[in-house]
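*Asks:* Okay, these came from TrEMBL:
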type     : residues : note
COMPBIAS : 150-162  : compositional bias 'Basic and acidic residues'
COMPBIAS : 163-178  : compositional bias 'Low complexity'
COMPBIAS : 180-197  : compositional bias 'Basic and acidic residues'
COMPBIAS : 207-220  : compositional bias 'Basic and acidic residues'
DOMAIN   : 20-97    : domain 'WWE'
REGION   : 143-220  : region 'Disordered'
SIGNAL   : 1-16     : signal peptide
């Protein structure tokens with residue numbers, strides 16, 4: 001019954017400016033092509049003429065059911081199960097329909113079968129459409145996941161390259177610092193050697209001058 005197409009008397013009756021009702025009149029006459037009745041205990045009661053007219057229109061149109069309202073209560077008249085169901089309580093009463101013309105009954109059966117086939121085809125089409133939409137959604141989700149993974153992988157690659165570049169720069173900087181330190185040490189050693197050589201030469205010159213002076217003094 002999930003596929004039932006329903007129409008509410010509330011909308012139809014409101015347009016006419018009257019209250020939507022679904023009274024049952026035991027033994028009331030009805031001169032329509034189809035006469036609807038509902039079981040009340042062991043008896044059958046006729047539907048209100050206006051409700052009967054709406055039910056007749058619905059069943060002749062091949063609709064599977066119709067929703068009616070009576071004093072605030074909503075009822076679903078199900079032509080497939082031939083029951084009237086209180087939509088609030090779920091309570092059901094049996095219904096029956098009598099056609100003035102037997103050929104019309106056959107037409108209704110054919111129309112109902114055609115409508116049922118159309119509803120079944122529509123349900124199959126809807127299910128297929130839903131399946132395709134689900135598959136498309138899964139494909140899109142998989143593509144999105146793949147794109148996200150590729151993005152994460154690219155970010156990891158860029159981070160690794162940046163870290164490797166930074167490490168190479170640190171190594172190069174350390175090597176440059178070590179080379180500078182070695183250069184300074186070498187220059188310091190060379191400066192000390194020059195200073196020591198200059199000091200030794202000065203000492204030797206002073207010794208030679210002292211020796212010359214002493215010799216001159218001895219000769220005098």
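Positions of Cβ are set from backbone N, Cα and C atoms, glycine also.
TrEMBL does not curate its annotations; it predicts them automatically.
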*Asks:* Averaging the per-residue pLDDT over the domain 'WWE' (20-97), what integer do you get?
*Replies:* 83
*Asks:* What does DSSP give as the helix, strand and coil breakdown of the compositional bias 'Basic and acidic residues' (150-162)?
*Replies:* 13 helix, 0 strand, 0 coil
*Asks:* What are the helix, strand and coil residue counts for the region 'Disordered' (143-220) according to DSSP?
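*Replies:* Helix/strand/coil tally for the region 'Disordered' (143-220): 77 helix, 0 strand, 1 coil.
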*Asks:* So how many of the residues in the domain 'WWE' (20-97) end up helix, strand or coil by DSSP?
*Replies:* 12 helix, 36 strand, 30 coil
